Amino acid sequence: METGMNRKRSRSKRANSNVGVEKDKEKEKSKGVSNVPNEVETESSSHEPSFKKDVDEEIPSLTAELSEEEEGEYSSESGRSTPELSPDDFEDADDEEEFEEIDAGYSSDSSTEDVAPGLYESPYDENLYINYDIDGKKITRPATPAALDSLIASIDKDKGWTGIVDPMTGKPVNLTTEELGLLKRLAQSEIPDENFDPYPDYDDFFTNTVRETPLSSAPEPKRRFAPSKHEQKRILQLAYAIRKGRILTSEQRAERERESQSNYADHDLWADDDQATVNQRKLDYAPAPKLPPPSHEESYNPPEEYLKQSSDFPKKYKSLRVVPAYSNLIKEKFERCLDLYLAPRVRRTKLNIDPESLLPKLPTPSELRPFPTRCTNVFIGHKGRVRCLSVHVSGNWLASGGDDGVLRIWEVMTGRCVWKCSLDSFGNAHNIDSDEDAVNESLSHSTKSSIIQSLAWGPLSDSPVLAVAVDETVYFITPPIFSDEQIEASKELFTSAPYQESSAIWRRGAKQSLQLHGGIVHATVSTPSSIKSLSWHRRGDYLATSSPTSSSQAVLIHQLSRGASQSPFSKSKGSVQAVTFHPTMPYLLVATQRYVRIYNLVKQELVKTLLTGVKWVSSLSVHSSGDHVIIGSYDKRLCWFDLDFSSKPYKNLRYHSRALRDVSYHPSLPLFCSGSDDGDVQVFHGRVYSDLLANPLIVPLKILRNHKVVDNVGVLSTCWHPKEAWLFSAGAGGEIRMWT
């Protein structure tokens, strides 16, 4: 009932409002006043009868009750306004028609949609008005812009322009800045509310900061620090019980259990037989080796250029389905069966050996001191390359010579040049006090270049003699830096006997007027060819020289006491590069380009030939014990030979990047070094044991740098101090360095 009454009331209200609207129209017509243009009024009047007809049909009782007097009373002529009707005026109508309630389905129009207040959708889109307001007046449709205005409006866009017209109001829809920002955030899948922070700052309620203030300010009780008396009593009780035997330890309990089991154990007579049967059943079969997997070395359809000329394989097939079966399959299977049947297989356990354990454990360099580590002094004075060095037996004097033909004597401790002289290739000697121009003058007057190839101090400290090789001449000189007693003792080495005819020409210093100012030239020896190396015998009476360019007199041995020279070989086997005496035996070591031969001078026979395995030997040095030899080569290798072990190298050391020029052993310490064209001097520790079963210990110690490389030539000569772990090196830069 309530639904029907509400529906009646709504129809009454709508009818009442429509009647009021019609009367207002009649009054406006009677007065001749119009609120709209003629065209609009004419068009609207054409639609009024249909609207009026609908109202009359809906409310038939309303038109019947109105009388002519009431029409005259409320006409437009009387000037009165139309009274407003309330819904109560239509409640008593008997002829009111009731309609069934309309149920709007899913496919029907959305009549319940929310619209703007006071407006509803008009079904008359072609009318000039679009709706009625709350007073029942017409709401005129806004004027539609022309095409030109629309174009201008699309160019001059307002702020927030969208290009959408609201169908309710007919006006363009403009968006605010907040709405544009909201749409932008939604399009970028962001949070719509810009004030919302999805990642707020983390507030660590439980920090790692230790609070200094305690929860309770009460002081710590004494029982926290004093040992517990109750625990002490309990420990005493347990200790007393253990001593009395009332409490057993775990070891005592285990021992008692073993004793009880041994006392009551039953002996099984057949235990060993069963174990033997079990062991017999478990045979250790070695699995057969697996077949190799198929390979892809050959193609069934290779290109033409890969086909062999022979009739063997590979053969070419057009497709894989025409490839025949393998012809040797049965043969290979049969051979495999024979191998599995006849060939024994052994199971070998794999040895897991750490590779580090196979390497020898070398001591650290700090444990092998002393050895040279830094440059403490530089001797500067030579012009050009310094080719040879030699230290006196006392260790106080250093002799050097080079391409400038000047012999210089240096004081080791101070680095001062105490004496120097220029030697030419004609057997003349010129003294040079302190003028360097005299050196250049003497070199310019000589018709042949004077290059000091080698020099060596004699092994006798009481009779100091320096042997200097300049081209084909050997000078025996005593510099004026020694005492008179030492000088007289050195003279006696050359005046004990007259000179004899030999392979070389001997001349006394006094006859040839080779007496230098302050120094003495005892004798000169002229050989047929240029001399490359010198080597003194340990007794100081013999000197060996080598000449690579000579064949019959490549090696000469000069005896100072007799004043004679002899050639131990009628013809040399190759170009002799270096020669040296054995330190303990009457042996002579001769190094050619690829071999080192050891000769017994007493028996005049070949003792051993060392197979170096290098292309060109450059230098040679013998250990003080005489059982070990090292050589340097131009192919960047240093070879260590153990004469008691083998004729092949015991160790091949290849640490330099260029050719080796010189190698040398220390006279008394377990050290040896090598100088190379890369400008480096490498120092090694080489300890030799008296036990023949122990191998020598070789440890790299230090790389000494700072030598200049001139025209691809670096270090040319090295020599050790006879007592200290000091090393002297000379190179192509014209400087001599002392390493300590």
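Here, residue 1 is simply the first one shown, and the rest follow in order.
Each residue, glycine too, has its Cβ placed from N, Cα and C.
Among the candidates Ser61, Ser434, Ser552, Ser621, the residue that Swiss-Prot annotates as phosphoserine is Ser434. DSSP states for the repeat 'WD 4' (612-651), grouped as helix (H, G, I), strand (E, B) and coil, give 0 helix, 18 strand, 22 coil. Using DSSP to sort the residues of the repeat 'WD 1' (381-420) gives these counts of helix, strand and coil: 0 helix, 22 strand, 18 coil. Here the repeat 'WD 1' (381-420) has long-range neighbours at 432, 439, 442-443, 446, 449-461, 464, 466, 468, 470, 477, 479-481, 518-519, 710, 713, 716-724, 726, 728-732, 734-736, 738, meaning same-chain residues at least 6 beyond its ends whose C-beta is under 8 angstroms from one of its own. Looking at the repeat 'WD 4' (612-651) alone, the prediction's average pLDDT is 94.
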